[in-house]
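**Q** Below, the features straight out of TrEMBL:
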{"type": "BINDING", "residues": "278, 288, 306, 307, 308, 309, 326, 340, 344", "note": "CTP binding site"}
{"type": "DOMAIN", "residues": "5-171", "note": "domain 'Flavoprotein'"}
{"type": "DOMAIN", "residues": "185-396", "note": "domain 'DNA/pantothenate metabolism flavoprotein C-terminal'"}
{"type": "REGION", "residues": "1-189", "note": "region 'Phosphopantothenoylcysteine decarboxylase'"}
{"type": "REGION", "residues": "190-400", "note": "region 'Phosphopantothenate--cysteine ligase'"}
Ligand code: PMT
């Protein structure tokens, strides 16, 4: 079988060196990659590097091998075009349909999915000109990955950093797996909670659970690949940030509630994949609780935490917002799931049975997605991203 053809566009920013790692990941996972740098980007990484790493000749302009009509062929033949880093200038030229070098010609002739991974200083990213160009590209169906927050070229930090190359590769891999399917969550803002809350008992102990956050992160990664704007609110996962998602941190159920309620106010979809503690210790001991010789430990009094999913589901101030809950069950799985769907009032409830190689902490999962209208969709045992994609299929179908 022919290898999938990927065009890796590289524009002129300091993060161009990180594109070498994106290229490596793509070639090592069986993709045929043609690198198309801009002239400016060669100040940062030379053509010899791209040629050696990709195994293909490299050109910035349309005047080499003219008999092969590269300005049209390169884009037409591609299964995916990814531009990493995409500078403010490149985004502007792409949004305005300019075609003054091989990369911009390729962007005009490509009919496959196109991904931009912007990298620039915060001021340039936030400038209305750049934001309008990004909105234009997204409206036309391109996936523009939100830049990461962190160290920029100099000592400064802020939003505008190129996401981790491994995460950019993950976005490309997922988009390629979707074939020519359109980014059906484009223009949608989705909020996802992931991980497990921890309720402090004293400065060294907490009540927690076994959630790793993997299911929530799979939802975030797949939503980015489907074109959504993603806010991921994570609790105690320690996982690397998925490319393109805005990541907020919460420790306790109360902190998670505050973050979810605030983000949900502007969201089209809220997915509660986090395992949230139903109870917390009634009293927080400011000093470490000590053993007392010969005496039984004091019982720990608990109080209820707010039910975030029920609260968001009951709030219909944003008409059309879709709310998805999860339920991890050990007994009477479906019956409990159906009862929980009714009690929580969400639109969809993903019921997963707690088991050895699935649900908490594992790479795989298996579930039944229950809908408020009575529909039930079984999802067979498989990677957590397959379950995530089924959830997005059902959400996208509801948007029509
Ligand atoms: O993180 P992983 O290791 O990948 O594991 C994934 C998972 C098992 C955590 C995930 O698939 C899952 O099932 N998440 C929900 C876990 C759970 O126990 O839910 P629950 O049955 O306690 O709660 C039902 C729903 O209400 C959930 O959407 C939960 O986020 C929400 N909830 C619960 C309590 C509370 N106080 N507020 C809530 O919003």
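Placed from the backbone N, Cα and C atoms, the Cβ positions cover glycine too.
Quick caveat, the model's predicted, so the values are computed rather than measured.
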**Q** According to DSSP, does residue 326 (CTP binding site) fall in a helix, a strand, or coil?
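**A** In three-state terms, residue 326 (CTP binding site) counts as strand.
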**Q** My understanding is the cutoff is Cβ-Cβ under 8 Å with a sequence separation of 6 or more in the same chain; which residues meet that for residue 326 (CTP binding site)?
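**A** For residue 326 (CTP binding site), the qualifying residues are 215, 271, 272, 273, 349, 350, 351, 352.
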**Q** Looking only at 278, 288, 306, 307, 308, 309, 326, 340, 344, which the record lists for CTP, tell me the maximum pairwise CA distance in angstrom.
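**A** Those residues reach a largest Cα separation of 37 Å.
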**Q** Helix, strand or coil: which one is residue 278 (CTP binding site) in, per DSSP?
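**A** Coil, per DSSP.
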**Q** With DSSP assignments reduced to helix, strand and coil, which class does residue 308 (CTP binding site) get?
**A** helix
**Q** Excluding near sequence neighbours, so keeping only residues 6 or more apart in the same chain, what lies with its CB under 8 A of residue 306 (CTP binding site)?
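**A** Long-range Cβ contacts: 253, 254, 257.
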**Q** According to DSSP, does residue 344 (CTP binding site) fall in a helix, a strand, or coil?
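**A** The residue in question, residue 344 (CTP binding site), is helix (DSSP, three-state).
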**Q** Check the region 'Phosphopantothenate--cysteine ligase' (190-400) for me and report the mean pLDDT.
**A** 96
**Q** If you draw a 10 Å sphere on the Cβ of residue 278 (CTP binding site), how many other Cβ atoms land inside?
**A** 14
**Q** Which chain-mates of residue 308 (CTP binding site) that are at least 6 residues away have a CB under 8 A from its CB, listed by sequence?
**A** 193, 253, 256, 257, 260, 261, 272, 276
**Q** Which residues in the same chain, at least 6 apart in sequence, have a Cβ under 8 Å from the Cβ of residue 344 (CTP binding site)?
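**A** Same-chain residues close to residue 344 (CTP binding site) (Cβ under 8 Å, separated by 6 or more) are 307, 309, 310, 313, 325.
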